[in-house]
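As recorded in Swiss-Prot:
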BINDING   12-18, 40-42, R304, 330-332, 412-414  GTP binding site
ACT_SITE  D13  active site, proton acceptor
BINDING   D13, G40  Mg(2+) binding site
BINDING   D13, E14, G15, K16, N38, A39, G40, H41, T128, R142, Q223, T238, R302  IMP binding site
ACT_SITE  H41  active site, proton donor
BINDING   T298, T299, T300, G301, R302, R303, R304  substrate binding site
Amino acid sequence: MANVVVIGAQWGDEGKGKITDLLSRSADVVVRYQGGVNAGHTIVVDDQVLKLHLIPSGILYPETICLIGSGTVIDPKVMLKELDMLLENSIDISGLQLASTAHVTMPYHRLLDEAMEQQRGDQRIGTTGRGIGPTYADKSQRNGIRVLDLLDSQRLRERLRGPLQEKNRLLEQIYGVAPLDSEQVIEEYLGYGQRLAPHVVDCIQTIHQAARSRKNILFEGAQGTLLDLDHGTYPYVTSSNPISGGACIGAGVGPTLIDRVIGVAKAYTTRVGEGPFPTELEGSINEQLCDRGGEFGTTTGRRRRCGWFDGVIGRYAVAVNGLDCLAITKLDVLDELDEIRVCVAYELNGERIEHFPSSAEDFARCHPIFETLPGWQCSTADCRRLEDLPTTAMDYLRFLADLMEVPIAIVSLGANRDQTIVVEDPIHGPKRALLSA
């Protein structure tokens, strides 16, 4: 039995969906512990491309329980669309469970998110406009709506009376947005509650029953370490905690229940939205990485910013999450390059630093210090064993493992399930150096 957390070691979009899908084959329970529809993951099965925002990747395995935990925020309209899409693709959704205590994104959250971001002007932070920040803000202010409220007409009316009046006043008087019809909102969300009711459970009871039965539990994070509310590039962050510690809070488990933490990182770096990005590229190489990597956001459709692999934020992710091993994705995107650069340190105010600065202003002034490695200039897409990889590709992976000071367990070479080299099963295999310098 092993309980494993999968986190993003960069700014999100690292390929966690594919890695979680891969590991879900060995999991009895998959738990999404934070975030909302601001995250997206793509799973490719044969010719099927499934783009999900809320539903855990493990939904493709009929015997696996997929739990959306208390730390998430739920947009029921989006969730029901995803469920309908899965049913249309003949995917069994009976294993999906939703925490009754998860908070709900209401229509006023989306409207406020968009209005506030627009008002920020050139100080915008790059929000997805999906209402995530305002939903978490209401949660912190103890003014939020939870899934269980959608199951009781009287309770929902009582819970919404004050917030709806307050939000309508804000929308109308501050942002010039038309107010919402209270009765229409209530009826709409009661309808969502009726459809979701068969999936609503006590999250804590589900997880701890699985733990007592010595089941394998996989905790799936959204976004990435550098978007963490407390430990990311604040204020250019999300409104929750994607790091491994967030699994304990969002799922309701103690840290002693976690056996292993796996970090997912691209073989290069990407970022969506605003904020400093020291290794960001411009010109033809940026275009090449973006086009070959299909770097467009699953949630927003925005073109991702691309840059070289950043070992400084990588080491930071190892430390903050307590990573045991890494999964490196999209190695194949680098196949055509004659040389590849890796950031090993920064220069800040004329001094070399090897740590991640805590202020966004200092981070924006950091200049990357690179080491240049030779490329392999041949396709890796069909490699299925380490020994199939070109020597220079192996050297690159060893360099990353040495730089990050953590072994590599999985190498992904494309979107399909079979385009993967599993050096050692991270769930059942022993903790040992899998691919290291």
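Cβ atoms here come from the backbone N, Cα and C positions, even for glycine.
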Message: Looking only at D13, E14, G15, K16, N38, A39, G40, H41, T128, R142, Q223, T238, R302, which the record lists for IMP, tell me the maximum pairwise CA distance in angstrom.
response: 34
Field: Of the recorded positions listed as H41, T42, G301, L413, the one whose CA lies nearest the CA of T128 (IMP binding site)
entry: G301
Message: Measuring Cα to Cα, how many Å separate G301 (substrate binding site) from the residue listed as 'active site, proton donor'?
response: 12
Message: I'd like to know which of these binding-site residues, N38, T128, Q223, is least surrounded, judged by other CB atoms within 10 A.
response: T128
Message: Nearest of the binding-site residues to Q223 (IMP binding site) by CA-CA distance, picking from K18, G40, R303, R304?
response: G40
Message: Just to verify: the residue among G12, G15, G40, G301 with the fewest other Cβ atoms within 10 Å, which of the binding-site residues is it?
response: G301
- line: Reduced DSSP state (H/G/I helix, E/B strand, rest coil) at K18 (GTP binding site) is helix
- request: Check the Cα-Cα distances from G40 (Mg(2+) binding site) to the recorded positions D13, G15, R303, L413 and tell me which is shortest.
  value: D13
- request: Starting from D13 (active site, proton acceptor), work out which of the recorded positions listed here (H41, R302, R304, L331) have their Cα within 10 Å, and give them in sequence order.
  value: H41, R304
- line: One finds that other Cβ atoms within 10 Å of the Cβ of R304 (substrate binding site) number exactly 21
Message: Using only C-alpha positions, which one of N38, H41, R302, R303 is spatially nearest G15 (GTP binding site)? These are the recorded positions in the record.
response: H41
Query: Between N38 (IMP binding site) and G12 (GTP binding site), what is the CA-CA distance rounded to a whole number of Å?
result: 11
